[in-house]
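Residues annotated as transmembrane segment in TrEMBL: 33-51, 63-87, 107-136, 148-166, 196-217, 247-272, 292-311, 323-344, 350-369. As annotated by TrEMBL, domain 'G-protein coupled receptors family 1 profile' applies to 42-308, 333-379.
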């Protein structure tokens, strides 16, 4: 069981017997590269924008910045480790005390990131519920309370994630180093690890998502029929509803993305913990599903900032960010394809040379179009 969970957490379930290993490695490396770039750029930009624009330093945006920080930590920890796994013969590169510390820190940071994100999503949902259902009451998340909430969120996340610092270690095998669950045989066979996993997944995934769904459903019903006593005019009501719906749309989108990204992964972990069907676990369908679930989970830290830009009041900055990302993807993607075909002798086929030339033409088109678009843009 522990070996399977370790492989899943690393995104390293073997698929060599089911799929072309070279194609799988190339595809996963490129996917990780794109997610890493988007996550770094997006989450850093969220922090910079909120820091630079005083009007955006609202309690909700401060919470979103903290979620961006947790996503940034997640991406910094998970993607370099994936690059090492995909492009070297070893699962882990570092041994000794430093390697052991990094191994434990990796899973600790991942657990903290997930716990911080879901707590912030719940807090935002509760705040929106209070603001809409009880509009005459003071805001739940004031500037002073926001600092306290943030402190509590991070402390709780770290406290819950502490077992990760004691349950992982680096072991050496013939094929190399592996960062894996490091429990002794007696402890591994006990129900402790299963109970801890079940409780944390329920408390930080299923229960919060159900609670959030109930809150946002109540908010949506209330918004349709709400009219605040003493509201000065119809226009004032329309402006208020517009603001509330804007925040609601962004919040619901973030929660929806969290559910799509993390629910499949949690289901896979449950199957690995409780299923004794070895034939199912070794099947190509299950291995493929495991990889999809892992990369969906890893993509959350990259998709989250995109949602914030789409639904926030900084759409102009968001559009600039998207254009910059497209340029990075086009240039790096085209070069990536060319380098892969050049370096991998088995891929030097006629069809792949056509693909390389198509990538070059796409690159030239995007560069020319982007240049012309900037010239024709107003201001």
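All residue numbers here begin at 1 and follow the chain in the order shown.
Cβ atoms are placed via backbone N, Cα and C, with glycine included.
Heads up, TrEMBL stuff is auto-annotated, nobody curated it.
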Are there 3 or more C-beta pairs under 8 Å linking the transmembrane segment (247-272) with the transmembrane segment (107-136), counting only pairs at least 6 apart in sequence? yes
Counting only residues 6+ away from its ends, which parts of the chain sit with a Cβ under 8 Å from the transmembrane segment (196-217)? 111, 114-115, 118-119, 121-122, 125-126, 128-129, 160, 163, 248, 251-252, 255, 258-259, 262-263, 266, 269-270, 273
Quick tally over 33-51, 148-166, 247-272, 292-311 of CB pairs under 8 Å to the transmembrane segment (63-87) gives the top stretch as 33-51
Lying 6 or more residues past either end of the transmembrane segment (247-272) yet within Cβ distance under 8 Å of it, the residues of that chain are 1, 4-5, 8, 60, 114, 117-118, 121, 124-125, 128, 197-198, 201, 205-206, 209, 212-213, 216, 219-220, 223, 281, 286, 289-290, 292-294, 296-297, 299-300, 303-304, 307-308, 310-312
For the transmembrane segment (292-311), find every same-chain residue at least 6 residues outside the stretch whose CB is under 8 Å from a CB in it, and list them. 8, 11, 28, 31-32, 34-36, 38-39, 42-43, 45-46, 64, 67-68, 71-72, 74-75, 78-79, 82, 113, 117, 246, 249-250, 253-254, 257-258, 260-262, 264-265, 267-268, 317-318, 321-322
